[in-house]
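Undergrad: Take this structure first; my questions come after.
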Amino acid sequence: MEASAAKITPMASSMSASGSTNSPSSEKMNYALQVALQTIKERCIQLQRRVASMEEENQQLREASSRSEGAPRANEIGVTGDVLSLKAQVSELQRQKEQLEEHIGMVSNENRRLWSRLSQISKDQQLNALPSSTDSRAQQNQNLVRSKTFTQHSPNPHLRQKMLSDGIKDLSLEEIALDDFGASSEELGYPYNLQKVEETTSEPDANVDAKRCLDGLQELRREAMKQQQELRSVMTLLENRIALKPCPECAQKTIKKPEMADKSLETDDSLTSELKNYESQHNGHNGTPPSQRINIIQEKIKADAADAMEKTCPMCGKQYSSQVSFNAFREHVEMHFIDDALELESENSIERQFEFVSHAVGDF
């Protein structure tokens, strides 16, 4: 990398001395592009040399193995060890060849990514820079076109690297891969104060996860509302049972039987004592005749029936007794509307999610 930078320095100095109208940012961008292109060319040359040497060795080993297989049987016993060693070498070289092909594919992918990033940097710089003259405008409107110099033709001889020594040839491809430079704070534009290009990745699974979470919350809410309604119905049932249960005094009266002087006839004393006890316990009704008491009881029964008719749910037809408060009856009626609102809300949320997903797919 340093050698390539040293080679490109005279070119950059000559371009700056020629009196061009490029801004400092465009000069830095051009310098970075030249450095990247020179690095890619040198790497391709090294890989081509290594592939050629491996092919030559493979060819030599194939010829040697074919000669050893075509020899007479008299010499087979003496050269068995050599044949086995040659076959082992052939298999090892084949493995190395496959490894090199994988590394070549990796480097080509890295070069493609590097080229896209450099083209994006050039486009951003051209959009941000203000045109100073017509020449600068024409230069900014030009798109970065990929050259076929080092793919179809031999590279420039003035830019070639010197021949490597035998010790340097044994370097692995991992030492020259671009992945080693990925841990730095900035990528290629770091030494030249260029902006780092951020890769925007779409996350289509985010909408699916959000929809799943909303569905789960809706199910939990629906279950909680259902449990609340069941608890309220149980509470109303208990209230009705408590209201219908007689008071302890009335229960004692029904249990207590009148005294019998004879097994068949009741005594007047027992009846009079019962009436006195009843009148002493119900002091509020001492001055009212029995007919008036019967009328009051009938009116209460009619009022309870009217209240029961008034407390009939218009949605499900459930009836509530007079002992149930009006607030409980109102909450039961409101529950029907809350359930309908929840269903509408869930349907609208699902429609919005599908609409969001369709827009996201269309924009992509």
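Yeah, the Cβs are placed from backbone N, Cα and C, and that goes for glycine too.
Pulled the feature table from Swiss-Prot, pasting it below:
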type	residues	note
BINDING	CYS313, CYS316, HIS332, HIS336	Zn(2+) binding site
COILED	32-114	coiled coil
COILED	210-243	coiled coil
COMPBIAS	9-26	compositional bias 'Low complexity'
MOD_RES	SER53	phosphoserine
MOD_RES	SER85	phosphoserine
MOD_RES	SER172	phosphoserine
MOD_RES	SER202	phosphoserine
MOD_RES	SER264	phosphoserine
MOD_RES	SER270	phosphoserine
MOD_RES	SER325	phosphoserine
MOD_RES	SER349	phosphoserine
REGION	1-26	region 'Disordered'
REGION	56-75	region 'Disordered'
ZN_FING	310-336	zinc finger
Undergrad: So for SER53 (phosphoserine), how many other CB atoms are inside 10 Å of its CB?
TA: 11
Undergrad: In angstrom units, rounded to an integer, how far apart are the Cα atoms of SER325 (phosphoserine) and HIS332 (Zn(2+) binding site)?
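TA: That comes out at 11 Å between the alpha carbons.
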Undergrad: Residues sitting near the zinc finger (310-336): Cβ under 8 Å, six or more positions beyond its termini, same chain?
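TA: Long-range Cβ neighbours of the zinc finger (310-336): 225, 228-229, 232, 235-236, 239-240, 242-243, 303-304.
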Undergrad: Sequence gap of 6 or more, Cβ distance under 8 Å: name the residues on the same chain that satisfy this around HIS332 (Zn(2+) binding site), in order along the sequence.
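TA: Non-local contacts for HIS332 (Zn(2+) binding site): GLN229, ARG232, CYS313, LYS318, TYR320.
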Undergrad: Around the Zn(2+) site (CYS313, CYS316, HIS332, HIS336), what further same-chain residues have their C-beta within 8 angstroms of the site's C-beta centre?
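TA: Close Cβ neighbours, site residues excluded: PRO314, MET315, LYS318, VAL333, MET335.
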Undergrad: Here's one to test understanding: among the recorded positions SER53, CYS316, HIS336, whose C-alpha is closest in space to the C-alpha of SER85 (phosphoserine)?
TA: SER53
Undergrad: Three-state secondary structure of SER85 (phosphoserine) from DSSP?
TA: helix
Undergrad: Which one of the binding-site residues (CYS313, CYS316) has its C-beta surrounded by the most other C-beta atoms within 10 angstroms?
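TA: Per the Cβ count, the most surrounded site is CYS313.
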Undergrad: Counting only residues 6+ away in sequence within the same chain, which have a CB under 8 Å from the CB of HIS336 (Zn(2+) binding site)?
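TA: Listed in sequence order, they are CYS313, MET315, CYS316.
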Undergrad: If you run through the zinc finger (310-336) with DSSP, how many residues end up as helix, strand and coil?
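TA: Final tally across the stretch: 12 helix, 2 strand, 13 coil.
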